[in-house]
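J.: Straight out of TrEMBL:
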DOMAIN    1-78  domain 'WWE'
DOMAIN    79-155  domain 'WWE'
COMPBIAS  221-234  compositional bias 'Polar residues'
REGION    221-278  region 'Disordered'
COMPBIAS  247-261  compositional bias 'Low complexity'
REGION    355-384  region 'Disordered'
COMPBIAS  371-383  compositional bias 'Basic residues'
DOMAIN    405-466  domain 'RING-type'
């Protein structure tokens with residue numbers, strides 16, 4: 001089997017469930033760490049490459065990013081893209097945020113923009129990718145179609161992301177799992193149609209920008225010497241028109257790759273190809289994820305709607321009917337590939353807020369004394385020094401083991417690798433300590449430095465297992481939390497009413513616990529409305545959220561991963577549902593696992609039912 005090359009991009013998941021790329025330098029560092037150690041374990045200190053990421057460590061075994069000063073944990077993944085794509089060629093697309101700095105686009109969006117730029121398109125509509133923006137290449141701007149706000153964009157040359165080689169099933173995708181799309185695909189007619197549509201997905205005609213199907217995996221096949229090329233019967237002009245005007249067939253047949261990452265103008269029908277696919281078991285459909293099916297099928301649907309032809313409805317793509325959503329997507333793909341008009345049912349509208357509620361219909365939550373909770377500015381704790389706080393949770397280690405301190409990455413038998421201010425000299429007998437509960441060992445000076453870089457609230461969190469010592473508090477600004485019951489039911493919870501939580505935090509000046517003391521911070525989107533079912537478990541979550549609010553752990557001050565704005569109020573790793581009657585953004589209902597997930601996130605912040613009992 002031929003070798004397949006791919007560009008590796010490491011990404012992290014933000015609080016809005018979008019994967020954000022690390023820089024090429026960081027991705028190179030992580031790949032180097034994988035090559036030099038056991039890929040099933042180890043950690044990577046990101047500050048060694050980018051000083052702005054000094055608090056962050058990636059645990060390769062659990063595939064998570066850990067921030068040492070706040071204890072924030074985020075998933076990471078290892079994604080693959082074509083070598084000829086934007087990350088493989090070293091091109092970065094960025095937009096200017098409110099602070100005047102540049103924020104990179106999501107990788108799939110950047111690849112789509114680069115492909116349109118290479119085709120010398122005057123503009124690009126990002127609506128097919130879920131963004132209400134228009135890219136103007138002539139003026140190098142991004143225009144919001146709803147607010148008409150215009151921002152500058154730039155195309156910046158950078159180092160290329162790392163290139164890796166693999167053989168078919170030995171190549172790995174996100175999280176170290178085998179890439180199901182690699183290898184020789186099935187040659188049955190159904191699978192060939194699906195793969196050809198993935199390769200040649202087109203957009204609406206009439207001068208509109210073609211919709212690209214972005215993929216992370218390439219299919220590698222052998223070409224027998226004495227085999228005739230696969231041909232497909234061309235469609236009539238009338239049938240071709242149903243899939244979009246102005247589209248041309250892709251006649252590029254120089255490559256041995258049957259790619260899902262399209263960088264050429266799309267084709268409405270399966271393109272002739274000299275590649276002959278050997279028969280194998282029918283496993284190629286496993287490479288079609290639900291988001292990919294939805295994206296491809298909706299692209300075909302938009303093309304049909306734009307052309308104005310009669311359509312055959314294929315419903316349940318949003319999972320609302322008993323039929324599996326993937327089946328609807330595959331049906332639409334196969335019908336459109338066969339030149340049959342297909343129209344997918346339009347998705348439901350975004351419903352952020354409930355119907356209007358009168359004051360007389362708003363009721364207090366049973367079992368809760370008050371419907372409002374306020375926080376004030378943090379009171380500075382006096383008395384114990386950082387050294388005294390750390391010693392409180394440590395046990396002395398007389399004979400340090402032959403292993404590295406995971407904070408400074410230096411041997412425990414030697415001195416600490418931390419040379420910064422705020423840490424005084426210690427005797428050799430106190431140079432290494434063992435955390436009492438979890439048993440992990442570190443340099444005493446490293447733990448003191450970690451404490452100094454955190455919230456300095458008298459608590460300590462193990463950077464390895466995340467065990468919390470003491471009571472963890474955050475740097476949430478002063479504000480108000482209101483909660484009450486409204487007489488409406490959430491989707492998926494028809495048997496109970498709804499608990500509405502209203503957070504309100506005004507802008508202000510950062511305190512000593514914030515990133516930039518004395519500098520103003522903004523508070524966008526307040527008041528923020530969130531929703532819980534008025535069930536036994538929903539009330540349990542509310543009680544714990546009140547503890548988190550009192551400990552200033554719901555919000556923080558930092559840089560928004562969505563807008564790129566710095567010195568602003570952001571969510572702090574405790575997910576809330578802000579959509580009342582829909583779940584289009586992933587922040588609504590129905591979501592059967594939401595309450596359990598929130599309980600786990602609160603437990604990671606050191607908040608359990610025992611804390612509720614202690615505060616009563």
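Yeah, the Cβs are placed from backbone N, Cα and C, and that goes for glycine too.
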J.: Which numbers of helix, strand and coil residues does DSSP report for the domain 'WWE' (79-155)?
T.: 19 helix, 29 strand, 29 coil
J.: So, by DSSP, how many helix, strand and coil residues make up the domain 'RING-type' (405-466)?
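T.: Result for the domain 'RING-type' (405-466), in helix, strand, coil order: 12 helix, 10 strand, 40 coil.
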J.: So what's the average pLDDT for the domain 'RING-type' (405-466)?
T.: 85
J.: Using DSSP, what's the helix, strand and coil tally for the domain 'WWE' (1-78)?
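T.: Split by secondary structure, the domain 'WWE' (1-78) comes out as 19 helix, 30 strand, 29 coil.
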